[in-house]
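Feature annotations, reproduced from TrEMBL:
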- 1-20: signal peptide (SIGNAL)
- 24-63: domain 'Leucine-rich repeat-containing N-terminal plant-type' (DOMAIN)
- 100-205: domain 'Disease resistance R13L4/SHOC-2-like LRR' (DOMAIN)
Amino acid sequence: MSALLTKLALLFTLIYAATSSCTPSDLAALLAFKSSLNEPYLGIFNTWSGTNCCSNWYGISCDPTTGRVADINLRGESEDPIFEKAGRSGYMTGSINPSICKLDRLSTLILADWKGVSGEIPGCVASLSNLRILDLIGNKISGKIPANIGNLQRLTVLNLADNGLTGEIPASLTALANMKHLDLSSNKLTGQLPADFGNLKMLSRALLSKNQLSGAIPNSISGMYRLADLDLSVNKISGSVPGWIGSMRVLSTLNLDSNMLSGQLPASLLSSTGLGILNLSRNAIEGNIPDAFGPKSYFMALDLSYNKLKGPIPGSLSSAAYVGHLDLSHNHLCGPIPVGTPFDHLEASSFSSNDCLCGNPLRTC
């Protein structure tokens, strides 16, 4: 009998969720969210009418079992027919209303690439314990990243790039143990990377370029065994380039250009069999280029330009399996340019503004 009652209750729940409007609290929260935003060209909020926010409200989806709002997916750049019909990308102004925090079953919050959404990220967003994706890229959001962002233990994607965020990276961020994608690039963030940044063991992409971050590269990053893409370019990162970076097995892209790095170039970076893109340009790295390339070296791009490197171009570079783009310009290199691959397809700009390099494609020795 109890089993029958359980089945009837489940059936009633499913029927209710499929036929009824969304909950009054979710409806009120969404309408308050809408009231703080202005989207004048596409008319996406014109679909937000009636009492059933789970049906035909643009960008809104609900859990079919509970009828609660689960996803807000509003992108200002999309291939959706509404954009093709308008013949333009989206533009939206206004701010994120704290009422969003009343949607306590929300798993996705995407308000991306609208160019004009401003104000701060409501601190209460950190209370949305079911949130898995928070994507606010491409707006004019200011203020600080919520201090308690680390409470979002289910978060896998945090994308706050291309905004005007200030302050330091919150210490709690390193508690996001399930995060796989972090993009904080093109903001105004200051301070150092948290020393325990390496606690983000699941992270595959750490994109932090074009900020004002300072200090050394934390040693804890060496334990991030899933990290494939690390971009700290265009910051104020100082100290030397750690040798352990070349031993990170999954790392394939390393962008550290336009910082304040000094010291010598670790041989492990050049002998790495995993790194495919290495950009250390516009720093103050000195000493010789290590003669550490081998037949498994495969660089789609290798940029060491605008440093203080001296001595010859290592002959082992010609033994690399592949080197696509190579830039050694604006250093203090000297001696003959090796012959053969990859040098036979490179232009003079790859070697210009050095002390005394010679040979093809420069002047003869």
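All positions are counted from 1 along the displayed chain.
Cβ from N, Cα, C; glycine included.
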Within-chain partners of the domain 'Leucine-rich repeat-containing N-terminal plant-type' (24-63) [C-beta distance under 8 Å, separation at least 6 from its ends]: 17, 69-74, 82-83, 86, 88, 90-97, 99-100, 102-103, 105, 110, 114, 117
Structural state census, the domain 'Disease resistance R13L4/SHOC-2-like LRR' (100-205) (DSSP three-state): 19 helix, 24 strand, 63 coil
Helix, strand and coil residues within the domain 'Leucine-rich repeat-containing N-terminal plant-type' (24-63) as assigned by DSSP: 16 helix, 5 strand, 19 coil
